[in-house]
Amino acid sequence: MNNDNPILVSDVMDREVIFISPGTTLQELLKKFRGFHTFPVVPVVNKEGIMIGTISFRGLIEIFQTKGTSLIKGVPFLEKEEVDIFNLDIDEDAGVLFIAQDIMDAKFLHLDEDMPLEKAYTTMKINSVDRLPVTDKEGRLTGIIGVFDILLAIFEKKGLIK
Amino acid sequence: MNAILSFSFILLVGLLSAKLIGRMKFPSVTAYLVIGILIGPSIFNLISPSLINNSGFISNIVLSFIAFSLGQSFSRESFKRIGRPVLWTSILEACGSWLLTTLSFWLILKQPFYLSLVFGAIASATAPAATLMVVREYRAKGIFTDTLLGVVAIDDAWCLIIFAISLAIARAVHFHMLSALFLVKVVFLSLLEIFGALILGGGIAWAMKRFSRYIRTQAELLTYTLGFILLNAGLAIYLHLSVLLASMFLGGVLVNIDRESSKFFNSLNSIDSPLYLIFFVLAGASLEIAVLPKLGMIGLVYIVFRSLGKIWGASIGAKIANAGHSVRKYLGLALLPQAGVALGTALIAKATFPEIGGIIITTIVTTSIIYELFGPLCTKFALKKAGEIGAKQE
């Protein structure tokens, strides 16, 4: 890629982002994303437009496990166990009792909008993710970008897409 | 048997035995320790002597990994989530075992103070894997279970801090016993070892974050992470600082200064399992059968006072934090299992004081097997008494 005039994340990102507020219930969240083929990484944005967390598929499953399980995952010697999604202990009321703030990961990955595309791609690769939200310097959610968006931008630059 | 053959033997037999013991609902650690004892020099002598002699080298590397991973517990986010009951209970149950075991060894068994201090510090560890196994098996759920998991998530970190401080004091007491400036030297050397480790770990964490921008692939990331953990541990040894504290601080500072820090911790997941297996088997192999007959009173005092320390300490901590009745009454009982961190710290103590290493490692290996067999039963009992195991799960 030409480093003299690098393509920035803001040039490529999708500005139409579906996000939710911290008070969104689990039921509302699932209804909103029912039409998707896979559960996306969902940004959680407060009233001021600041991104305060993300909800992932893993977070969605973790709420039906013992609360302490998420605290213990960094501890050594634990025998890793796949979660049995067919056998989750789900209460019927969970849909209205859990809100986005309970489910979200407050320590989340995101990209800066003025970051060069090459750096954004490396960040995604070494963190094993294929889609990340984008924020401005103040932490306001401005877009979302995926590995495929980056690939399309490269194809476009090389003249493959007119 | 040559060293490479020994490694392959340890890995394959360890894996097989863990599968077998898993069917009997016991933690894998128990299988690794028993296999280690069986193939070690005391019984069948199937491991290369050079491997046994270098087990201190392997345990130093493994403990650096463990301490680095435990550093994650010190993120601002973790502290916000765990809350007061977990914080108070975990600190006091760890300190309770430390204090009671130290005093009982010193005053009842009339052991030297430095040895009592080392045993006390090792006693503060617990075994999160065994506890989690019981919670998962019986699908325990509720406030007691949440508090229990929070406590076992953080208390091995307290154990490493307690052990690092105790070891620094024990070393100073043991090696400067005849000095005129005895007390000044003890305090000075202990503080130097601890604060030096903190500065080193913090500095290496800063460098690790700073240069990670040049990492392009996951393979590079693993090499980079390993390189920095070993650099930190190696420098700590070279500078006579605490390897455990330096490694824990590396993880603790990194998790707070780098929003992408989870990639470093996750990168180790692909290699830690075989390393831990080798570490446990070698710990088992270090047990000296000849020392076992002398163990009676020491083992008994260790088990009784470590258990009392956990039970009383947890109860006082829960009371201070205004935790519920069941947490005050039964949490300590659920914290009895002991394994990895206790064995690791025992191996370090053995390397520091070789003349009494045999008694330390044999006591801790033997009591770990006892605790791993009976500890999970106590955890189950506590969960049941707290009303968090439903009748259908039993």
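Placement of Cβ uses the backbone N, Cα and C atoms for every residue, glycine included.
The transmembrane segment feature in TrEMBL is assigned to B:6-22 (among others). Residues 28, 30-32, 34-35, 39, 46-48, 51, 274, 277-278, 280-282 of the same chain lie 6+ residues outside the transmembrane segment (B:6-22) yet bring a C-beta within less than 8 angstroms of a C-beta in it.
If you look up TrEMBL, you'll see B:11-369 marked as domain 'Cation/H+ exchanger transmembrane'.
Per TrEMBL, transmembrane segment is recorded for B:29-51 (among others).
The transmembrane segment annotation in TrEMBL covers B:57-74 (among others).
What TrEMBL lists as transmembrane segment is B:86-108 (among others).
Per TrEMBL, the feature transmembrane segment maps to B:114-135 (among others).
Among the features that TrEMBL reports, transmembrane segment is placed at B:147-170 (among others).
Beyond the transmembrane segment (B:182-207), the same-chain residues lying 6 or more positions past its ends with a Cβ under 8 Å from any Cβ of the stretch are 164-165, 168-169, 171-173, 176, 228, 231-232, 235-236, 239-254, 257. For B:182-207 (among others), the entry in TrEMBL reads transmembrane segment.
Look at TrEMBL and you will find B:228-255 (among others) tagged as transmembrane segment.
Under the heading transmembrane segment, TrEMBL lists B:275-305 (among others).
Non-local neighbours of the transmembrane segment (B:330-350) in the same chain are 27, 29, 33, 55-56, 59-60, 62-63, 66, 89, 93, 96, 118, 121-123, 125-127, 129-131, 144, 147-148, 151-152, 155-156, 159-160, 163, 167, 243-244, 276, 279-280, 283, 286, 306-307, 310-315, 318, 323, 357-358, 360-361, 363-365, 367-368, 371-372, 374-376, 378-379, 381-383, 385-386; each lies 6+ residues outside the stretch with a CB under 8 Å from one of its CB atoms. The transmembrane segment annotation in TrEMBL covers B:330-350 (among others).
Same-chain residues lying 6+ beyond the ends of the transmembrane segment (B:356-374) with a Cβ under 8 Å from its Cβ atoms: 26-27, 29-30, 33-34, 36-37, 115, 118-119, 122, 127, 130, 283-284, 286-288, 291-292, 294-295, 298-299, 302-303, 306, 336-339, 342-343, 346-347, 349-350. Taken from TrEMBL, the feature transmembrane segment covers B:356-374 (among others).
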**OP:** Would you mind listing the long-range same-chain contacts of the transmembrane segment (B:114-135), meaning Cβ under 8 Å and 6+ residues beyond its ends?
**Re:** 25, 27-29, 94-95, 97-103, 105-106, 145, 148-149, 151-153, 155-156, 158-159, 162-163, 165-167, 169-171, 173-174, 302, 305-306, 309-310, 334-342, 345-346, 349, 353, 356, 360, 363-364, 371-372, 375-376, 379-380, 383
Subject >> Same-chain residues at least 6 beyond the ends of the transmembrane segment (B:228-255) whose Cβ lies under 8 Å from its Cβ atoms >> reply: 60-61, 63-75, 157, 160-161, 163-164, 167-168, 192-194, 196-198, 200-202, 204-209, 261, 264-265, 345, 348
Subject >> Positions on the same chain near the transmembrane segment (B:29-51), where near means CB under 8 A and six or more residues out >> reply: 1-3, 5-7, 9-10, 13-14, 17-18, 20-22, 127, 129-130, 277, 280-290, 339-340, 343, 365, 368-369, 372-373
